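Worksheet: the structure to be examined is printed underneath.
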Amino acid sequence: MDMRRRQFLVSSAVIVGGVLLGTTMADLIAPAEGESFDGSPDGRFPNIVLHGHDGGAYRFYDDLIRDKIVLINMFFTGCGDICPLSTQHLVQAQEMLGDRVGRDIFMYSITLNPELDTEPVIRDYAETYGVGPGWLFLRASRDDTELLRRALGFVDPDPALDADLETHIGVVKFGNDAIGRWGACPSFADAEEIVAGVRTLDPIKRT
Amino acid sequence: MVRHDIESQRERARLNRMEIIDAKLSRREMMKYGLLTAGGALVAKSGLSIRAASAGGAVTSPATTPFIEPMRVLTPHSGSRLQDDLDHCTATVSDDPKEAARAAHQLWKGNEPQVVYNFTQKPRLYRPHPKLAEQNIWTFRDFNKDTESPLTMIHARYGEPSMVYSHNELPANHKGYGNPMVTTHLHNAHNASESDGNPTDYFGPGSYKTFHYPNMYAGGDEREALGFLWFHDHCMDYTSQNVYRGLVGTYLLFDRYDSGNEEDTDSKAIRLPSGKYDVPLVIENKVYDKNGVAYFDLFNLDGIIGDKFLVNGNVQPYFEVDRRRYRFRLLNTGPSRFYQFKFSNGMKFWQVSNDGNLLPFPIERDSVSMSVAERMDIVVDFSGVTDNIVYLVNVLEHKDGTGPTGKILSTGVGDKILQFRLGAKVTDNSRVLTKTTELRRLPDINMSEVKKERNWTFNRRNGAWVVNGELFNRNVVNARCQKNTAEIWNITNASGGWSHPIHMHYEEFQILSRNGVPIKDGDPEKSRKDVIWLHPNETVKIFVRFRDFTGKYPLHCHNVVHEDHAMMARYDVVDDASS
Ligand SMILES: [Cu+2]
């Protein structure tokens, strides 16, 4: 596409308050390759192996993050009020995002307690909450979980709080690896706020 | 879960943490943990950054020789007064499809713009230091990179309404941190909601939005005059990233008293240093990657503490000054660092504003402390200084996003931020300040106007921020404040060891007490403010009026990393009764 046409199309996609005018989600595509990620270095994700509630094994970066729009939260099945609340709100968010989940948007809930949250346990958990396709509950080794937790910023500067698993379950990161854009919001926020966050990850560009 | 299991998990977590932080991990272990790529590059280094206890920061900026470049001075943006341009301004949205939706401008009649400004937000190349890369920063306008600061500035006057056309020309396909959706906030302005730059009113590339700045005193009371305001982008979830990219500017507001003319013959004029002696010093805190490009840790939820200090867009510049009085307007843009400023020679100076609003009288100081987004005007007299070099020094230790440690460093150890090179003595017609120089009286606090007392408690729950136990939802109004009434707000920090700069949009307020201790006359906080440095476990009581406009406004933490993780609430000014 020549520059002039591209600029015309870009300027015709006006977005106000997160709502697209004169274009639809389907018009949006990922941006062209070969543009640099100014100030957001590559390779910050440990490429550890995680196991999903579906029985699959996944490399964190290669299989779960690369070129995808993702939501990532940490949880454990034994947690008190917040994980059930977060999971319910994320289920609603999944419904609101419709068939994009599993197509270009993927959701990951990673257990902080891999010893207790075995594959059958997280499978039951996913079924209990009625999660749809495109959303994986995942477990890794204890060491890898710790590494991943830190890499994703689920940490607390207070060592006592950092050691408490419940400290790390209240935030969902959302990101688009293809354009290096990441944000976060509370995982137990209203689904509409979570979805508003995810919508900020769409590159504003038309074919 | 059973108790001993939690205990053993804690122990294991502690051991893991120590192992990784202290980490003399072997190459084999690094490979095992996925820390090394096949090529041998350290991949997850930033994942083990400052957040892992007090490790001091995994990303360290390249060395930059300090004080080798002149400080760039902010130059006023030129507006248009052409009748054609003024006629083009409308209260309602035009039929131009590129104009972003908004409510009609309130109080338009009688406040029609007399000046029109254009902002063109886009990436522009700039090198913040000779040892750093020339890189794209986002700015509001073109600038001469050899002479001008990349940060924009508007000089405005009370009684002279203006209109800003804020054009979003950022690349729609932008990659990396930052979001090319913008909403231009003028911090501290007494502006209607639709011109406030509310975080949720962002607009996309290729469109523009008009902002109406009536430059009117709140409630018509000239004691409410604002002096030093600032622009910044406020896009929901991305404020910290977009501000870090560079969308920052200042807005100086003058009137008959603070007229911007030190030779003013009007007997009411305060005659503070003016012209080239009235100098905004915009202090930004950043970290640069190994390529010398500004680096933003997208996985830091606590706050970004950089190792480089910029003044007006350059890392540690020098500034050649005359031996006379200057008005310096200090602004801390964050994202997360708090400061205490002193001069290396220990000289005293006059603090004349708090949050850019003139104090009743000058206060003699030898240091000022500033949380994020606070502004302080100070008058410094170089005429009697014998040294030829003086530094502006930060003496407050601040290591992570929780807030400053509280440790005050000696000026020899602190961060030298700006070097002053003192020149010749020159004429100085600005007023000689004393403790009794009248600047601007404070508006009365009249408790009979108070129609409601509210509590705002900032807390942390499971790593997320909550206000009164609630999470932010843009469609939920947390408080309805009736126009033409006043309220008492008790703002409480219940989040443990964290410090927060809490900011409310729209109306400045007066602090009544901190933890029940009243603010006394002569205290720098006996003033009109819009940001509160909220210490751990503190409750601050404020008095605030709601006047002139209705609509939605936010109340939020101005550690912009906290703000972007929803440390925010919404209040609306309404015509109906408060609720
Ligand atoms: Cu905060």
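Here the Cβ of each residue, glycine as well, is placed from N, Cα and C on the backbone.
Unlike curated entries, TrEMBL annotations are predicted automatically.
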Partner cysteine of A:Cys83 (disulphide bond, per TrEMBL) from A:Cys79, A:Cys185: A:Cys79
Neighbourhood of A:Cys83 (Cu cation binding site) by C-beta distance under 8 A, where only residues 6 or more apart in the same chain count: A:Phe75, A:Phe76, A:Thr77, A:Ile169
A:Cys79 (Cu cation binding site) in three-state DSSP notation: coil
CB contacts for A:Cys79 (Cu cation binding site) [other CB atoms within 10 A, all chains]: 20
